[in-house]
């Protein structure tokens, strides 16, 4: 039977059986414990489960199409990064870091959700509307979470998917969750625990049934650290992709290298909105590794 691992507690694995639509406890077959060359089961894995006697055994792990280390989860279909426009103010540098990180981790659908749009003044809304157009030009789907039509579109987008929700506390994640799947209110205790984990338990990951699929929550922006190399960052900005292949050097970082197609595109105004942020991010890299701590940043859109 095919199943998905939804939780790991100590050595106990809890899986969702797709056909029966039930959740049961399973034990990994010994090969996963004793063979260092075998994948180790993790939350999000699609697995094969066999009932032997009274025990469900995990006998096979299907190939992963992506995975994160923190939170430790595999096979994410969609990441929705929720950022507020005000209270707290929108931080575009942090947003761009996270977009780059998830792109680098082979997550194909990275969405942007803007909350508290209705609290912005007209001047700020004009700035935000221009920003939305810029991100859409770079093939990012942007949803204004206070607009009912955008919520309907988002519901359709995430249906039957494994959704990873990222965002700092106070940006409206719990409100959004209730909008996307009102039935979640029937599991109040579960979702409350899910969204309010202490700082020492942020590496513990759990999937819950959500919108005919699954939901995994990440720690807030200020708590989540991710490492990227300079080359990973250079390849993670999707608006660079059409130009980077024309750079003279295959490992071009698009900073001071000669015959850099990205710098040429910037000079010709073909890339206009994120290159400055890219340079700021690259300059932060100590010893070729970026540790993202977004609370250290203070760039706001006003």
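Every residue gets a Cβ built from N, Cα and C, even glycine.
According to Swiss-Prot, the protein carries these features:
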{"type": "BINDING", "residues": "115, 116, 117, 118, 167, 168, 169, 170, 171, 172, 173, 174, 175", "note": "GTP binding site"}
{"type": "BINDING", "residues": "247, 252, 254, 260", "note": "Zn(2+) binding site"}
{"type": "DOMAIN", "residues": "65-224", "note": "domain 'CP-type G'"}
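Take the Cα of residue 169 (GTP binding site) and measure to each of the binding-site residues 247, 252, 254, 260: the nearest one is 254. Under DSSP, residue 115 (GTP binding site) is assigned to a strand (E or B) in the three-state scheme. When pLDDT is averaged over the domain 'CP-type G' (65-224), the result is 84. Across the binding-site residues listed here (171, 247, 252), the residue whose Cβ sits among the most other Cβ atoms within 10 Å is 171. Those residues noted as binding GTP (115, 116, 117, 118, 167, 168, 169, 170, 171, 172, 173, 174, 175) have their most widely separated CA atoms at a distance of 19 Å. Nearest to residue 117 (GTP binding site) in space, judged by Cα atoms and limited to the binding-site residues 247, 252, 254, 260, is 254. If you measure from the Cα atom of residue 252 (Zn(2+) binding site) to that of residue 167 (GTP binding site), you get 31 Å. For residue 171 (GTP binding site) paired with residue 254 (Zn(2+) binding site), the C-alpha to C-alpha distance reads 33 Å. Between the CA atoms of residue 247 (Zn(2+) binding site) and residue 115 (GTP binding site) there is a gap of 38 Å, rounded to the nearest whole number.
Of all the Cβ atoms in the protein chains shown, 20 others lie within 10 Å of the Cβ of residue 260 (Zn(2+) binding site).
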